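Residues annotated as active site, proton donor/acceptor in Swiss-Prot: H232. Here Swiss-Prot flags 142-144, 173-176, 183-185, T231, S363, 368-370 as substrate binding site, drawing on similarity to another entry. The N6-succinyllysine annotation in Swiss-Prot covers K58, K63, K77, K112, K220, K289, K464 (among others) and is backed by similarity to another entry. As annotated by Swiss-Prot, N6-acetyllysine applies to K77, K119, K210, K499 (among others), with the evidence given as similarity to another entry. Per Swiss-Prot, phosphothreonine is recorded for T82 (among others). Swiss-Prot lists E375 with the feature site 'Important for catalytic activity', giving similarity to another entry as the kind of evidence. For 1-41, the entry in Swiss-Prot reads transit peptide.
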Amino acid sequence: MNRAFCLLARSRRFPRVPSAGAVLSGEAATLPRCAPNVVRMASQNSFRIEYDTFGELKVPTDKYYGAQTVRSTMNFKIGGATERMPIPVIKAFGILKRAAAEVNQEYGLDPKIASAIMKAADEVAEGKLNDHFPLVVWQTGSGTQTNMNVNEVISNRAIEMLGGELGSKKPVHPNDHVNKSQSSNDTFPTAMHIAAALEVHQVLLPGLQKLHDALSAKSKEFAQVIKIGRTHTQDAVPLTLGQEFSGYVQQVQYAMERIKAAMPRIYELAAGGTAVGTGLNTRIGFAEKVAAKVAALTGLPFVTAPNKFEALAAHDALVELSGAMNTTACSLMKIANDIRFLGSGPRSGLGELILPENEPGSSIMPGKVNPTQCEAMTMVAAQVMGNHVAVTVGGSNGHFELNVFKPMMIKNVLHSARLLGDASVSFTENCVVGIQANTERINKLMNESLMLVTALNPHIGYDKAAKIAKTAHKNGSTLKETAIELGYLTAEQFDEWVKPKDMLGPK
């Protein structure tokens, strides 16, 4: 039979039938009109025929997506598999489509169809159908192709559940049923917000909390370790190592607070705005009901956006969230840099901290160990800063009633949230919890510091104190020796007035 089909195809100059892999990579072609039995034979091999408004397309028989998804793979061969739409967006779409089906059933959608849509949407939300979403981020700026990818997958999976034929659009139509009362223009931004909120709550905030708690524990552990401070990378007056770490604790605390402060706008959903924000082709109450369903499904306080025109045309909420993550990246860059510099050495650096040794550090220098967790964290911070630039550009390009940088924006927001959350956990578990204070080195550096002379200001004045420091530095002598030689004070006075433990706060 296969040979007969090949001969028939050759005699009628039919195009070569691509494999499923070729279709996925974009090598799909339209099939000329031919006898039904020929189409059936083709379907029994590696593909089936589906239609969109532009015509017929070959769809791999083992995939639930349809013609519009295949056409997108043909038109947007950009980046390959590594640039696919983030899975959190796909899962968020599953949540949204289930919620919409529930509400549509309340408004009269056939319960049998609604139930099948809900079951298929649940599979999408649970990640069971991830292999059926091949589209890349770099597509239409509204995310229309991905919305249709979701509609097609849910439609065909629902059809299969109901015993129908894949690609027939019966009894479950991707547009008329799965996308009922919806537009890509309001569903994609809704999925963006759902995905961002879930990533923040499941990955980012838990990671930052773990880091915060570990730094807080170290701050308490190092509360009695007095060390020399540094400003402008030069010696300054003393503080405790615990005080130094308390600054890091507060930075991470503020980071979490900034992120949480941005979330109320993320919880506002565009669903119900349809094409331009007017809500055309929806029912009164649809938007509110969908938001309530999404809130129930996720356990997060989602509400309908008070102004759908803003929700479709601007994504300031995502720019705001990205900005909070950008600030977090700045904080983590500073913390990681401080820790790796304080741990520099082991013999030729500052050496005040002893960092965990996790792996060999050099392919040529035996015994070398590097602050790799600090380096990973700083690279993550740099990437997040770059992501924020892209999100900012995207957010500023909402034209009239629609922002058309949606896929790029959510890709970068999710990337930042995931990186910061994961890096915080890695940095905590593989570095922070194992940090030790090198008290011998800390005491040596503090006792040699010329800035202890600052304690003499109230007793002998700034000018004399400065002369003591400069003379001691020039002669290589100690502050005490120099102060006595200059006749500014006695040994007893120096010992009474220059006590690092008395220089740690106001009197």
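Placement of Cβ uses the backbone N, Cα and C atoms for every residue, glycine included.
Quick caveat, the model's predicted, so the values are computed rather than measured.
Positions of the features from Swiss-Prot, shown on the structure.
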residue: K112; record: N6-succinyllysine; DSSP class: helix
residue: S142; record: substrate binding site; DSSP class: coil
residue: P174; record: substrate binding site; DSSP class: helix
residue: S184; record: substrate binding site; DSSP class: helix
residue: K289; record: N6-succinyllysine; DSSP class: helix
residue: K368; record: substrate binding site; DSSP class: coil
residue: K464; record: N6-succinyllysine; DSSP class: helix
residue: K499; record: N6-acetyllysine; DSSP class: coil
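Take the recorded positions T82, S142, S184, T231, N370: by the count of other Cβ atoms within 10 Å of each Cβ, the lowest one is T82. Cβ crowding, taken as the number of other Cβ atoms within 10 Å, peaks at K58 among the recorded positions K58, K112, H232, K464.
Within the same chain, the residues at least 6 positions away from P174 (substrate binding site) whose Cβ sits under 8 Å from its Cβ are G66, M148, N151, E152, I154, S155, listed in sequence order. The highest number of surrounding Cβ atoms within 10 Å, among the recorded positions K63, K77, K119, K368, K499, is found at K63.
The residue listed as 'active site, proton donor/acceptor' has E375 as its nearest neighbour among the recorded positions T82, T144, K289, E375, going by CA to CA distance. The modified residues considered are K210, K220, K289; of these, K220 has the fewest other C-beta atoms within 10 angstroms of its C-beta. A simple way to gauge crowding: the CB of E375 (site 'Important for catalytic activity') has 13 other CB atoms within 10 angstroms, across all the protein chains here. DSSP gives K210 (N6-acetyllysine) a helix state.
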